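Take a look at the structure set out below.
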Number of protein chains: 2
Amino acid sequence: MSDLLERLRARGWRMTSQRRVVAEVLDGDHVHLTADEVHARAVARLPEISRATVYNALGELVSLGEVIEVSTDGRAKRYDPNAHRPHQHLVCSRCGTIRDVHPAGDPLTDLPAEQRFGFTVSAVEVTYRGLCPGCA
Amino acid sequence: MSDLLERLRARGWRMTSQRRVVAEVLDGDHVHLTADEVHARAVARLPEISRATVYNALGELVSLGEVIEVSTDGRAKRYDPNAHRPHQHLVCSRCGTIRDVHPAGDPLTDLPAEQRFGFTVSAVEVTYRGLCPGCA
DNA sequence: TCTTGACTTGGACTCTGTCCATCGTAGGAT
DNA sequence: ATCCTACGATGGACAGAGTCCAAGTCAAGA
């Protein structure tokens, strides 16, 4: 069904019912679930799936570049399946809602050479914080 | 001695030996210690100080706006006393070193209205990732 | 110096995530 | 269709980071 499952199979990812469920749970836009939330939704479809398996599958999806790990609050990491289009996050400070945003321009070039301290900069994470319409 | 202690006292922050030590440990530029690191350094000066007290003091310094909480790695939060000048962070992906950087321009204005989903955006966090000179 | 409310303590507890020995199974080989 | 086996799943113990609480202590104003 989903491209994600197709891509994973094509890359030789051994398919199990557990992995399929985890990948399916992560399908969609503006999805930013914690590992426990993924586990809870997976259990709804496959009651005996364990936490360790969910953590394993998430870790592999991240390694494969199919899912991005996001830590917006210093608590649980969240998993974002929108990995194929560079984007940033807009987070509500009250309720924690997260939206993906796509600003113009490349934030990487915003850091002038004299501010790089000799670092080789290869990525930028940007998090916009504020209140969502429901919490304002 | 430090402005920080003066400001805290002026704002009616009840001064104790424990709080003084925590504030002193956080003095300086490019300081980004975890709570446990702050505790370890505090213990060197005040052997009986407890972890809970360090957490309490750090939490209050953050509430007072004197220290910024930074989560760059999804592990322990780090505490940055450079709270009075807006800045961003440059993080080494290998060794974890953190530098404060001050790019030109206001990153808040980079997010166009049609990308705000009705949010009232009030802050931006930017983390540049790469390799430091020692790890490159 | 006294008093009192705020601060500190340390241990128990929660949450998030990792590790490991054992069991089960996907998928290639026959 | 069946068999094999290496890879994946399981769940319980463990670890790291942080919070909570009841009891004891102390800073600072009266």
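In case you wondered, yes, glycine gets a Cβ from its N, Cα and C as well.
Per TrEMBL, the features are as follows:
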| type | residues | note |
| --- | --- | --- |
| BINDING | A:Cys92, A:Cys95, A:Cys132, A:Cys135 | Zn(2+) binding site |
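Where TrEMBL records a feature, it is marked here on the structure.
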residue  : record              : Cβ neighbours (10 Å)
A:Cys92  : Zn(2+) binding site : 20
A:Cys95  : Zn(2+) binding site : 11
A:Cys132 : Zn(2+) binding site : 21
A:Cys135 : Zn(2+) binding site : 14
Under a three-state reading of DSSP, tell me whether A:Cys95 (Zn(2+) binding site) is helix, strand or coil. coil
Listed in sequence order, the binding-site residues from A:Cys92, A:Cys95, A:Cys135 whose CB sits under 8 Å of a chain B CB are A:Cys92
